[in-house]
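Undergrad: Handing you this structure, nothing more for now.
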Amino acid sequence: MSTEPEVDDVQREHGGLGSYLRLLRTPGAKGFSSAAFVARMPLSMIGIGSVLLVEGETGSYAIAGTVSATAAFVQAFGAPVTSRLIDRHGQDKIAIPAALASAASMIGLVLAVRFHAPTWTFYLCAALAGALMPGIGSMVRARWARIYSGTAALHTAYAFESVVDEVVFLIGPVLVTFLTTSVAPASGLSVVAAFLAFGTLALCLQRGTQPDPAPQRGRQGMGAIAVPVVRVMLLVFIGTGTLFGSVEVITVAFAQEHGHESSAGLLLAVYALGSMIAGIGFGAVHLAVPLPRKLLILLSTMAATALLLPLAGTLWLLAGLLFLAGLTIAPTLITAFALLEDLVPAELLTEGLTVGTTGLALGVTLGSSLGGPLIDGLGAQHAYLLSAGGAVAAFVVAVLLRGGLRGVRNCRKPVP
């Protein structure tokens, strides 16, 4: 007789750190979660990997930066389209060919750069790689929702995925930098392509846990963006992403201005560590607070801690404030994705979750783009006003449009 817990055993769990272990003992969970971890590593690696490769061969940060930005920008718009097709036809039917094509485009970029092809081919390959990259994070969250929709265990599952996201963004940039600079210039993006291809294959071939295809009804022809909560959350995520993107670039400049450029990575690691710790704790506690109200509370704390960042005058003070700000990140994202899962129709779930990640990507691009000129004009410390502005904007949008955060709750049932 199997000793693995049934789904009902995890649903009855009322919290505690042990809930994570019970979650991973859910039949199929270890398999799809570990495969998704590998498959989403490229999200944190492709940007810096392409910058290092292109700059190393061309000597131009301008070309390298715009090639990287092209992949990120196109991916932000391509992912929701891919996710809509996944909702309609199934993860295995759409994500596998999309991931293989994206991986092939990454290899094309490596070859184009290494063999000094015309510069326009760099942008073409980067655009194809970004446009065709499936939203792995949304796909794995959709699997958890299929199993645990409407239960407290889904809160723990989303918390776990947020922690995994933090780990991905801690490990990925370090790994691709090591490969590109210490192994071979082409090895970084080549490994990124391999992670995407093999990780997606491993995930999608586990068909027993993937959501069933759900052809869209005529009234949903516009897709997930027609759902009020998705439109509101898109704006909230853009503001939140602006916070993320600006903090990254401004923190690097802050460390440089204080003569300790090498400490930038440690400062950002402290920021991510705060988020990871909060995510683990938040996922282990189930609060009887309606999701819309919980989101507003968390957005207000995120804004309050971000407003403290411009007060940092030393590296040590900045480290403390970044850790404090990081404590608000994972709980906010966990609640935001849970709210989307709660109100987006089942046949639009993957697309709806991907719109959230798209908003984050757009916000990150906006924050990093505006951060540079502000650093030049105001200095790094005062440039943190942009970070605070993104967080405050997310909160204000949620307050003004809070009516869109309510709706008829989904009727998805847990898998028997």
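The backbone N, Cα and C atoms fix where each Cβ goes, glycine too.
Quick paste from TrEMBL:
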DOMAIN    225-416  domain 'Major facilitator superfamily (MFS) profile'
TRANSMEM  32-54  transmembrane segment
TRANSMEM  60-82  transmembrane segment
TRANSMEM  94-114  transmembrane segment
TRANSMEM  120-140  transmembrane segment
TRANSMEM  182-205  transmembrane segment
TRANSMEM  225-244  transmembrane segment
TRANSMEM  264-288  transmembrane segment
TRANSMEM  295-312  transmembrane segment
TRANSMEM  318-340  transmembrane segment
TRANSMEM  352-371  transmembrane segment
TRANSMEM  383-403  transmembrane segment
Undergrad: Under a criterion of three or more Cβ pairs within a distance under 8 Å and sequence separation of at least 6, are the transmembrane segment (264-288) and the transmembrane segment (120-140) in contact?
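TA: They do not touch: fewer than three Cβ pairs between the two stretches lie under 8 Å.
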Undergrad: Using a Cβ cut-off of under 8 Å, list the residues of the same chain at least 6 residues beyond the transmembrane segment (120-140) that approach it.
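TA: Sequence-distant neighbours of the transmembrane segment (120-140): 32-33, 36, 39-40, 42-43, 46, 50, 54, 63, 66-68, 70-75, 77-80, 82-83, 86, 91, 94-95, 98-99, 101-103, 105-106, 108-109, 112-113, 161, 165, 196, 199-200, 203, 350-351, 353-354, 356-357.
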Undergrad: How about long-range neighbours of the transmembrane segment (32-54): same chain, 6 or more residues beyond its ends, C-beta under 8 Å?
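TA: Answer is 24, 60-61, 63-65, 67-68, 71-72, 99, 106, 109-110, 113, 122, 126, 129-130, 133, 136-137, 139-140, 143, 160, 164-165, 167-169, 171-173, 175-177, 180-181, 185-186, 188-189, 191-193, 195-196, 198-200, 202-203, 206, 209.
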Undergrad: Can you tell me which parts of the same chain pack against the transmembrane segment (318-340), counting only residues 6+ beyond its ends and a CB-CB cutoff under 8 A?
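TA: Residues 141, 154-155, 158-159, 161-163, 165-166, 229-230, 233, 236-237, 240, 244, 247, 251, 254, 266-268, 270-279, 282-283, 291-292, 294-295, 298-299, 301-302, 305-306, 308-309, 311-312, 352-353, 355-356, 405 contact the transmembrane segment (318-340) from elsewhere in the chain.
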Undergrad: Which whole number is the mean pLDDT over the domain 'Major facilitator superfamily (MFS) profile' (225-416)?
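TA: A mean pLDDT of 85 is what the predicted model shows over the domain 'Major facilitator superfamily (MFS) profile' (225-416).
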Undergrad: At a threshold of under 8 Å on Cβ distances, which of 182-205, 225-244, 352-371 pairs most often with the transmembrane segment (383-403)?
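TA: Against the transmembrane segment (383-403), the leading stretch is 225-244.
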Undergrad: Can you tell me which parts of the same chain pack against the transmembrane segment (295-312), counting only residues 6+ beyond its ends and a CB-CB cutoff under 8 A?
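TA: Distant Cβ neighbours of the transmembrane segment (295-312) are 236, 240, 243, 247, 254, 289, 318, 321-322, 324-325, 327-329, 331-332, 335-336, 339, 381-382, 384-385, 387-388, 390-392, 394-395, 398-399, 402, 405.
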Undergrad: Restricting to CB pairs under 8 Å, which listed stretch, 60-82, 94-114, 182-205, is in contact most with the transmembrane segment (352-371)?
TA: 60-82
Undergrad: Going along the chain, which residues at least six beyond the ends of the transmembrane segment (182-205) come within the CB cut-off of under 8 Å?
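TA: Same-chain contacts beyond the flanks: 31-32, 35-42, 45-46, 49-50, 52-53, 56-57, 91-92, 95-96, 99-100, 102-104, 106-107, 109-110, 114, 133-134, 136, 139-140, 175-176.
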